[in-house]
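Trainee: Dropping the structure in here first, questions after.
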Amino acid sequence: MSGSLLSRSGQWQGCFPDDVSSQSPKSQIWRALDSAQAPEKLSFLLRMPCMNNSRGRIGLIHVKVEIPQGTVSMQGANLSAVTEFILVGFSIFPHLQLMFFLLFLLMYLFTLLGNLFIMVTIWREPSLHTPMYLFLCTLSISEVLYTFAIIPRMLADLLSTHHTIALMACASQMFFSFTFGFTHSFLLTVMGYDRYVAICHPLRYNVLMSPRGCACLVAWSWAGGSIVGLVVTSAIFQLTFCGSNEIYHFVCHVKPLLKLACGENVFTLAMGMGLVCITALLGCCLLILLSYAFIVAAVLRIPSAEGRHKAFSTCASHLTMVVVHYGFASVIYLKPKGPQSLEADTLMGTTYTVLTPFLSPIIFSLRNKELKKAMKKTILNKL
């Protein structure tokens, strides 16, 4: 039929006069699906002006062009859509990979065993069935899940030369690492609130920190972490990744993935994701600082030195963990822009993903007298 985009057979239809095709003679491009071709190819119809010599009139040339599906032309460069990534990770340290594997394996096992021991001790010791230790037990669970989402894959890559990770696997790792990481931050904030109520409002402690209230605080912490993980992951993986598929990190993280994305909204989305993460972290940090400001003011009003020391000792482990957690988190999220080596970025990434979970059971078991006493009791009972 004259003037149609494609013939029934999908072949080139030749030159058509302008009055027949009812189109302006300027060049146009339509994308059409050609059912006669293989599914891995896409058909494009290029309509360009031509001179019909027999009638002396300007018409259109219909030219069908086929290109492989998944190939996009952008500003003259051919870019292929990415379906999997390569985690470069510690391959930049070829002679140190075995040492890193042994070191991180020992730290991971200690993290697992330390947190499991804390959970078992709290569960077995009735004197520790209080809100503070309920939050500590939940914090240990988040630590175990966070490290499980990252470190096993990292250890496997240290022993393997095959570092590819599928797109969905990368998205899953990002979701769970952000979910458990931010849940950890929210739980630290809840623990700060618990210490504030215990010291500043001791007579109302049982009312404000009732079992139902504690359960709600824990649930909201997990819900908040899940929301942040879902928002960040869905925003990042709605982007198109093209060109290079090498992630210069040992985990699927936001910043190296944004460097692989292409599109007009990458910068806007990067700013939005940075704002979400920094706002959540700084919000938690400010709430903790506010809690401790009231705690310090209340403790200074205690007349006896022994009473002040006892009040501060109940906060020592939590405050130490807050400093470690937010100190290393700031290295990841708040480091200034500038020329930094790939090796330095990789090693700094381990401070938050490996070192912080490793230090957590050490800090809480050594700085908390009640927990340390209960752990000794548990060990002696086993012997």
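Even glycines carry a Cβ here, placed using N, Cα and C.
Just so you know, TrEMBL annotations never went through curation; they're auto-generated.
Sharing the feature lines straight out of TrEMBL:
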type     : residues : note
DOMAIN   : 114-364  : domain 'G-protein coupled receptors family 1 profile'
TRANSMEM : 99-120   : transmembrane segment
TRANSMEM : 132-151  : transmembrane segment
TRANSMEM : 171-193  : transmembrane segment
TRANSMEM : 214-237  : transmembrane segment
TRANSMEM : 266-299  : transmembrane segment
TRANSMEM : 311-334  : transmembrane segment
TRANSMEM : 346-366  : transmembrane segment
Trainee: Along the domain 'G-protein coupled receptors family 1 profile' (114-364), what average pLDDT does this model show?
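Mentor: PLDDT averaged over the stretch: 89.
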Trainee: Going along the chain, which residues at least six beyond the ends of the transmembrane segment (132-151) come within the CB cut-off of under 8 Å?
Mentor: 104, 108, 111-112, 115-116, 118-119, 122-123, 173, 176-177, 180-181, 183-184, 187-188, 190-191, 194-195, 198, 214, 217-218, 221, 225, 251, 314, 353-354, 357, 360-361, 364, 371
Trainee: I'd like to know if the transmembrane segment (214-237) touches the transmembrane segment (171-193) in this structure, counting it as a touch only when three or more C-beta pairs sit under 8 Å and are separated by 6 or more positions.
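Mentor: Yes, since the transmembrane segment (171-193) and the transmembrane segment (214-237) share at least 3 Cβ pairs closer than 8 Å, they count as touching.
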